[in-house]
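To start, the structure under review is shown below, and the notes come after it.
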Amino acid sequence: MRSMCVLFFCVCVSMFLHHAISQPPTESDTYTECTDGYHWDPQTQHCKDINECETIPEACKGEMKCFNHYGGYLCLPRSASVIPAHDPPNQIPPGLDNQPSEPYNPCPAGYEPQGDSCVDVDECERDEHDCQPSQDCINTEGSFTCQCPGGYRKVGTECIDIDECRYRYCQHRCVNVPGSFSCQCEPGFQLAGNNRSCIDVDECNMGAPCSQRCYNTYGTFLCRCEQGYELGPDGFACKDIDECSYSSYLCQYQCVNEPGKFSCICPEGYQLLGTRLCQDINECETGTHQCADGQTCVNIHGGHQCVDTNRCQEPYVQVSDNRCVCPVTKPGCRDLPFSIVHRYMSITSERSVPSDIFQIQATSVYPGAYNTFRIRSGDDNGDFYIRQINNISAMLVLARAVNGPKEYVLDLEMVSVNPLMSYQTSSALRLTVYVGPYAF
């Protein structure tokens, strides 16, 4: 009996619904009731979803975030993301589901009929997609996808810039820009062909400001100078070194500074020996003297002297070159040396003392004779003295330092005494000593 009542109730409800649907609605029929979570939209004459996240104050509590959903809402953690689906068609009021709003499409979603077949619908071309403005719509078979451009990644529905610098793509410095990045190099380097590595820049071949020599090093360069120059405070310019100011011993006479070097010069009458020493020029050997006939050229330090070939004075007579004899037959020769020999020598200034400068040697020796040597004349200041070596020789010694130019004419006398024969005689050597103007 209970089963029959249930069956009768179902048949009655079925007949009632069939009768209600089969009756066409009149103009006065209105359906404004919607299910929970929707409200009636008079403009579209459809039920529209209610956004509870906007209408309900503090819909979600604590650290939960409100996400609107069709017919309701969800409370999820703030870190959660929801990928929204396509908006479903608005809810059709009861009793109007049999009124088609679009032509019947026998093809699957994302396709449309074309003749006897179904072809894909390009939602991207028709602008029937929901991709964000920052995203690219990519059509697929029966659907489409939203992709982010290069340099971005998809987070939820948004495209977020990828910070490529976090992955250390660059060797030196990385600069992140929206959708991309760029690599930069430290000073002294430049980007390689891969735009990521840094290679050394050869500044020397790119106009480095070195005034003389440039040496490329890793990441920089060094300036160096030629010999005779030193690097300036700026590290680029080279300035000449004044070698002459560093020492007074570089040259024997005078130092002359030149760009990058120095040279030594000698005074008149001297010539350079090597690079720094000065040597006297022997004008008598080179033939550059101006001595006349009847004169003899005597070379001295820094010059020369022209002396008469016959320097014998009365009562002496010349018997050979440089030798004069005073005849015993002349009364004036009684107290004079029997012979005078002329000799010439030159010494430098500032010579160390005492210094042996000239040796006297007897040319004639008589048996039983005793010889003594003395300075007869010419040494008024006591600058010289005689040191006798033996019976036949003696040494002229410079006793005090002298500076030139100066000239001495010394008569060096050898007195011979023979006590057995009661005989005494003497001879002299007239030595002209020229003191040069320099210590060389």
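Here the Cβ of each residue, glycine as well, is placed from N, Cα and C on the backbone.
Here is what TrEMBL says about this protein:
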- 120-160: domain 'EGF-like' (DOMAIN)
- 161-199: domain 'EGF-like' (DOMAIN)
- 240-279: domain 'EGF-like' (DOMAIN)
- 1-22: signal peptide (SIGNAL)
Original post:
Cβ under 8 Å to the domain 'EGF-like' (161-199), counting only same-chain residues 6 or more beyond its ends: which ones?
Top reply: 149-153, 218-221
**OP:** Could you tell me the mean pLDDT over the domain 'EGF-like' (240-279), as a whole number?
**Re:** 96
**OP:** Give residue numbers and ranges for long-range contacts of the domain 'EGF-like' (240-279): same chain, 6 or more residues beyond its ends, CB-CB under 8 A.
**Re:** 226-230, 301-303, 437-438, 440
Subject >> Residues in the domain 'EGF-like' (161-199) grouped by DSSP into helix, strand and remaining coil >> reply: 4 helix, 16 strand, 19 coil
